[in-house]
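Following: one structure in structure tokens, then a few remarks.
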Amino acid sequence: MTKPIILTGDRPTGKLHLGHYVGSLKNRVFLQNENKYKMFVFLADQQALTDHAKESELIQESIGNVALDYLSVGLDPKQSTIFIQSQIPELAELSMYYMNLVSLARLERNPTVKTEIAQKGFGESIPSGFLVYPVSQAADITAFKANLVPVGNDQKPMIEQTREIVRSFNHTYHTDCLVEPEGIYPENEKAGRLPGLDGNAKMSKSLGNGIYLSDDADTVRKKVMSMYTDPNHIKIEDPGQIEGNMVFHYLDIFARKEDQADIEAMKEHYQIGGLGDVKTKRYLLDILERELAPIRERRLEYAKDMGEVFRMLQEGSQKARTVAAKTLSEVKSAMGINYF
């Protein structure tokens, strides 16, 4: 029986943080280890260039860092094909054909793109590559005939745009060579988008409000001890608020089942008064370190031989290119432009 295909990836614009870990990485490793799927995981460097065109050095440096993060959390190149987007030229050619099937107005209506354009402050100077990146994503997904694409809830419009392109292509060229994907969305809404340590709605590289998978133990400790809690909880005996308190928010996400009774007791104690922020932060630190310590150890080990890390990426890219080339050939045959 053929295994369903999963495609997922990240933009290499810096090291990955806890938001990436709970939002996608942890689930990828789970899906990989279930051994029920064929996994493709990629570093979307071309997409990163759509809004970092003048920062190619950052992207180049981030390729190695993100690859280390992948390996350290448990993604295994023997079980998952890990590749670099720019090393698969077939993706750019597929994008070109798909762009002929999507109007500019449709791209401008994409809610995810509209939100991101506003956040990035492009104004009237929107890079054309950024505006059409949903088409590039469709090429990424369809090149590997992905059945399932794990994404955050904010990416639902991107999946729907890909599905539209697939339907349009298959209808226009009387074929079924492209597969219509389904999105896999986070069950835990809190984990789907981890807030920053400062209480900001999202943990973000640009805001510097995150804990990175590569942070050493001392850095993690300092960051946890500086976390946003309840600004009105000045004295230990003061009643404290749970809502909006990042320490308790993180505890809800990272705690295991066996921790739940302790956490509920801490919440009650905190709200009544008599429990200080230092104690709750130390408790959270222990829980985070339980998760981060083995990741950190593996990362340090892999970092000793970056040549091997890049050999893994090269092999994965070669493997991925073979698959993408087959899809491209089918697409061109359907269009009647496979001349030779």
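Quick reminder: no glycine exception, Cβ is built from N, Cα and C everywhere.
According to DSSP, Lys205 (ATP binding site) is assigned to coil rather than to any helix or strand. For Lys205 (ATP binding site), the same-chain residues 6+ apart in sequence whose C-beta sits under 8 angstroms from its C-beta are Thr13, Gly14, Lys15, His17. For Arg11, Pro12, Thr13, Gly19, His20, Gly152, Asn153, Asp154, Leu194, Lys202, Met203, Ser204, Lys205, Ser206, the entry in Swiss-Prot reads ATP binding site, with the evidence type sequence analysis.
Cβ environment of Asp140 (L-tryptophan binding site): Leu7, Gly9, Phe42, Ala44, Gln85, Leu91 lie under 8 Å away, each six or more residues apart in the same chain. What Swiss-Prot lists as L-tryptophan binding site is Asp140, and the listing cites sequence analysis.
Taken from Swiss-Prot, the feature motif ''HIGH' region' covers 12-20, and the record attributes it to sequence analysis. With a threshold of 8 Å between CB atoms, the same-chain residues lying at least 6 positions outside the motif ''HIGH' region' (12-20) that come near it are 43-45, 48, 52, 55, 58-59, 62-63, 65-66, 69, 193-194, 202-205, 210-214, 288.
Per-residue confidence over the motif ''KMSKS' region' (202-206) averages 78 (mean pLDDT, predicted model). What Swiss-Prot lists as motif ''KMSKS' region' is 202-206, and the listing cites sequence analysis.
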Q: Report, as numbers and ranges, every residue of the chain located at least six residues beyond the motif ''KMSKS' region' (202-206) whose Cβ falls under 8 Å of a Cβ in that stretch; write 'none' if there are none.
A: 13-15, 17-19, 193-196
Q: Which residue among the binding-site residues Thr13, Asn153 has the fewest other Cβ atoms within 10 Å of its Cβ, if you could check?
A: Asn153
